[in-house]
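Here's the structure we're looking at; comments come further down.
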Amino acid sequence: MPGEMDKPLISRHLVDSDGSLTEALSQGPKVGILGSGDFARSLATRLVGSGFGVVVGSRNPKRTAGLFPAAAQVTFQAEAVSSPEVIFVAVFREHYTSLCGLSDQLAGKILVDVSNPTEQQHLQHRQSNAEYLASLFPACTVVKAFNVISAWTLQAGPRDGNRQVPICSDQLEAKRSVSEMVRAMGFTPVDMGSLASAREVEAMPLRLLPGWKVPTLLALGLFICFYAYNFTRDVLQPYVQEGRNKFYKLPVSVVNTTLPCVAYVLLSLVYLPGVLAAALQLHRGTKYQRFPDWLDHWLQHRKQIGLLSFFCASLHALYSFCLPLLRSTRYDVVNLAIKQVLANKSHLWVEEEVWRMEIYLSLGVLALGTLSLLAVTSLPSIANSLNWREFSFFQSTLGFVALVLSTLHTLTYGWTRAFEESRYKFYLPPTFTLTLLVPCVVILAKGLFLLPCFRRRLAKIRRGWEKDGTVKFMLPVDHVLAEKTSHV
Amino acid sequence: MPGEMDKPLISRHLVDSDGSLTEALSQGPKVGILGSGDFARSLATRLVGSGFGVVVGSRNPKRTAGLFPAAAQVTFQAEAVSSPEVIFVAVFREHYTSLCGLSDQLAGKILVDVSNPTEQQHLQHRQSNAEYLASLFPACTVVKAFNVISAWTLQAGPRDGNRQVPICSDQLEAKRSVSEMVRAMGFTPVDMGSLASAREVEAMPLRLLPGWKVPTLLALGLFICFYAYNFTRDVLQPYVQEGRNKFYKLPVSVVNTTLPCVAYVLLSLVYLPGVLAAALQLHRGTKYQRFPDWLDHWLQHRKQIGLLSFFCASLHALYSFCLPLLRSTRYDVVNLAIKQVLANKSHLWVEEEVWRMEIYLSLGVLALGTLSLLAVTSLPSIANSLNWREFSFFQSTLGFVALVLSTLHTLTYGWTRAFEESRYKFYLPPTFTLTLLVPCVVILAKGLFLLPCFRRRLAKIRRGWEKDGTVKFMLPVDHVLAEKTSHV
Amino acid sequence: MPGEMDKPLISRHLVDSDGSLTEALSQGPKVGILGSGDFARSLATRLVGSGFGVVVGSRNPKRTAGLFPAAAQVTFQAEAVSSPEVIFVAVFREHYTSLCGLSDQLAGKILVDVSNPTEQQHLQHRQSNAEYLASLFPACTVVKAFNVISAWTLQAGPRDGNRQVPICSDQLEAKRSVSEMVRAMGFTPVDMGSLASAREVEAMPLRLLPGWKVPTLLALGLFICFYAYNFTRDVLQPYVQEGRNKFYKLPVSVVNTTLPCVAYVLLSLVYLPGVLAAALQLHRGTKYQRFPDWLDHWLQHRKQIGLLSFFCASLHALYSFCLPLLRSTRYDVVNLAIKQVLANKSHLWVEEEVWRMEIYLSLGVLALGTLSLLAVTSLPSIANSLNWREFSFFQSTLGFVALVLSTLHTLTYGWTRAFEESRYKFYLPPTFTLTLLVPCVVILAKGLFLLPCFRRRLAKIRRGWEKDGTVKFMLPVDHVLAEKTSHV
């Protein structure tokens, strides 16, 4: 991506040409800022750049004045808050009480709380910073905003970064004024409801991929289980029962039999909750009843599970392509040739093995290709350009095709091995047989729902029909529609 | 992508804290809603959440009231439509006539048609729902909007999804009012012109990747033809003429000789229409004359054709990397070793074969790498960050480099095989010779246009010069510029 | 991406149904256009479509009228500029003086300069087109806007393309009016400050990936150096000292030993400047002092360097997967088998070689997988959906993991070779030992900064603490925060 827009052009121009702008800026509406840290300064720079008149309130204006752009007026706190209607409070929560002396001047005004708690503070206080500020200044309207924006983004302008500024307040008119300011500053306001959401809004910058936690742990858990299982079958059993050292298989070979299992099971877990939800809707005869929480969460995480499945499948492909590079593979081929020569056999060919390998590799490539289409269409910029029908074509139809291709890939890989006793090492069945369980359930259930009796009833329910028509105010739990945002 | 924004925060807050909001909401402008289905309810929830006063008109307000958020006022239809200026009509087309009794109260108001026809209805009625509504209420202004948004997105808010709401109406002022509402609700209005476009707007959610249909069929057609050709040469001929069973080649080997042909021909078809358009402009001596429809469509689908070419090329790479994994390859190597030993030859080395393979593989990797840059820069979020010069650098210059690299890859793969009689099985020339035709024409034509005489004239035409200067109102058919949106 | 939005719907509707619109349009605010080229016409079409009344000023209205949509009024220049407040100047710089006769009528109005200089003109004139226009019409307010938008995008509407319209002017009120128009036309205004930025704005469409120039040259330089080095060691030395022809290695093998070196060194160069910046901040004891220019530029280009590193690593993977496909590999295996048979050895196995290869391949795959996550999260649409903590998790934490994995990949690839005399061909150390230098410095320094004494001081500095507390108006050089926009 070209970096052409990266430099903080606005601030520079404004800082460079203060003189000429100072006059012009007196035209814009006036806003106040309390505080003199990095954020307050960047805020002042940005507000000045967006055409607002800025008055900064400081306890020591002389010392502070040099810290702010020349176009901003720096004065004593009491004076600064007297004329503007909107005042940004850019001080730490622990200093909120120091502003209490201003409560008379602030009465009736809009206070914008821009603060962010540290993780520790967030856990310690049940009350959000904004609600605490509101409790200190009951005569003011508190609006939470701008906390997700960094001082640097304020300076540089919202060129490439995320422009969304979540806003919440109990007073609609105040929310609307601040939204207008947000827009004027080049950001996009997002209404988050009443001030009760402030805690949630303050938690946003503290979040670390919340939607990925459970899916990633799930994938890791599956990896560890399957790795242990494959280790037992492929390395431990030969060592214990035949005394053969196959520990060299640990870094590549065992990983590469584990990865497809994880990818395959994860893919089936993307489609299992949809099947369960449909079954539940069929059973209940309505779509207006909430799903149990675990199912709801599962449905919300399908996208992440699907992308992890694709990641594992891609690693599986990379590991597979590494196999012929391995020294062990080379030695195997050479040793096979030597064995054939010593046994005086002139031609080696096992038709069944050839066919098995050709078919399952071809199916594997096709499954990966299909999955990659799913992954690409789940990129935000592409997903947003699809209508619902197109999105569901990719995620439902094509995703199901990928599941069927993976199942065929697994079955042809297994071939007749599930029925050969020699494959049951330590009495453990081959790994691929274990992985087939969930996918086959999903495929069978999907098939069942295509039967006319179920399909018709399901369609009726999803159009809003109910077994017993006593609807109260319940928004539809329309996860078929919800898939657009929550799915791969 | 983190799921943090996925939950329908707004609706929840609004639903939870109805009491406190109800008062506040009386401040916002009032809008009416006719209808009580899922969409009407989600619409009400969203409008309430965006600060509008909502009056729902129902034929049975008592029964319906429980279905809507408490902040929305539910009353009889006639009462509901009396005061608001804008009324959402959220009922099915077949019930439009049931509203005719309200036509006096509705006179002079703005009716927003949010309906979507089913595919069947869309084919059946020549008149769009919105135009039909307009014909029923000639005294009202009908605006088509919101039909592309699902009930769920309305509830959850337009966080990640597509925010664009196409709007059309014959009355500009009405369009502007509704656009303002769309914006206030967090969506992005897109002006689609007069109400005559309503049919088009109503078709949007019914569309299934319209731009991909022809290119995909083209790719499939090419695949089938080349597959049949390769099957005849690589499998049928040995079976018929030499009695050798090579059917095991069907799943991987034949597919892998077919895919590069498809990818290569598709890539050349991306650049052929540009060459034809330039030739046509040279011949006509103007850029203000429309291209024939087939050429226009072809030019519009270059992006899709190019991405399909990249997809086939990637699959070709995956299949190629699978080749050494195949059992048949292993057997071939072993058998070769045995043969050498039995023939008492101690060293095997064919310098020419070694060079041929090294060169064509290296060129293949480079061609794929170049193509992947093209594919990445055609992602919407990246394409949007490029200026026209950068975009054309990637798509024209780098794309042409990819075509040249592919041609060299094909030529070095072919080496001298086109001139060996033994390669003409069933008198059919080697497949690669067939694929070279179109690309070579494109490369030659591109070279021709670089000659001063042609280049200068073309540049003049594209600056607006015309052979005979009788321009009428014709917007430029500026496909060199148009490439930014329509090209790979 | 579906092409559904690609067609210029708006313009078509407006052009088709001129009659009915003409009346309606008289409602919208009036704007003037001077000029009758492609851009003026597309501008008129778009303005008409967005509900503005358009008056086009021409020196020959009769001849020109047919060129514009019917809804636009075409008249003499003097008449056209009399009533509108905003006038678009869509003529070439060289014809600006021809408008001087209108200076009385234009006095006090807003002139929008939409022109783009050619590269030659841009280099020739120190004064931007907009400033030149302002100097010719001192009584007018000049606003620079729309120059980055092509005539075609104006016609077709800003559906998929970049919607950003950089705007600059010395007069805030004028900037605000034009911003409103930009928004009404469906684009997104971006404030670029005073008219002094016009030169910069005019340079935008001339830019060709400015952020990629140095990184690409760096990557190319590294490639050439390492290629020459590897050529000397792997091809020249055997030829000169042993008379063995290994020139066949040039296209694949030497490239494939060069690519990982380039990728690895580039990746370490992504993390080196951060280490240097931290060291400098520690040394200076403040974050409010500008970094030297070279370091600043380096920090700004980390994203590009990182993506080039990923590109090289991906090519390295592709080339590696090609190795088993090579004829030379096949001959090597066959010849090895022959040698074994002739030497009467029945089993070939070198445990150490097997382990070395298994481990370094596995590490390589994991490093590439980690890098691919970094690359994906640097896509604009994904980067924008991450908060700062998540972004830094991917780019700092995961990026560092990738660097460590690559280092381990390199070390296990090298194994004991650095200590074997036979590896020092022409007294040149093995290539991998050279590449280890920078990465090891980075890893060590990162380790050092984790020591409590350094970590605490650094944390203090980044919170705003200063060794000597004499802060003047200096915005923070907060590159830890700046990483969000400037980093991989």
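Every residue, even glycine, has its Cβ placed from backbone N, Cα and C.
Per TrEMBL, the features are as follows:
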type	residues	note
DOMAIN	C:30-117	domain 'Pyrroline-5-carboxylate reductase catalytic N-terminal'
DOMAIN	C:261-404	domain 'Ferric oxidoreductase'
TRANSMEM	C:214-232	transmembrane segment
TRANSMEM	C:252-280	transmembrane segment
TRANSMEM	C:305-326	transmembrane segment
TRANSMEM	C:359-379	transmembrane segment
TRANSMEM	C:391-412	transmembrane segment
TRANSMEM	C:432-454	transmembrane segment
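Annotation: stretch C:359-379 has the most Cβ pairs under 8 Å to the transmembrane segment (C:391-412), among C:214-232, C:252-280, C:359-379. Counting residue by residue with DSSP, the domain 'Pyrroline-5-carboxylate reductase catalytic N-terminal' (C:30-117) contains 35 helix, 23 strand, 30 coil.
Counting residues 6+ beyond its ends, the transmembrane segment (C:252-280) has Cβ neighbours under 8 Å at 218-219, 222-223, 226-227, 230-231, 234-235, 291, 295, 298-299, 302, 305-306, 308-310, 312-313, 315-316, 319-320, 322-323, 326, 371, 399-400, 402-403, 406, 410, 431-432, 434-435, 438-439, 441-442, 445-446, 449, 458, 479, 483, 487-488 in the same chain.
Under DSSP, residues within the domain 'Ferric oxidoreductase' (C:261-404) fall into helix, strand and coil as 120 helix, 0 strand, 24 coil. The average per-residue pLDDT of the prediction over the domain 'Pyrroline-5-carboxylate reductase catalytic N-terminal' (C:30-117) is 91, rounded to a whole number.
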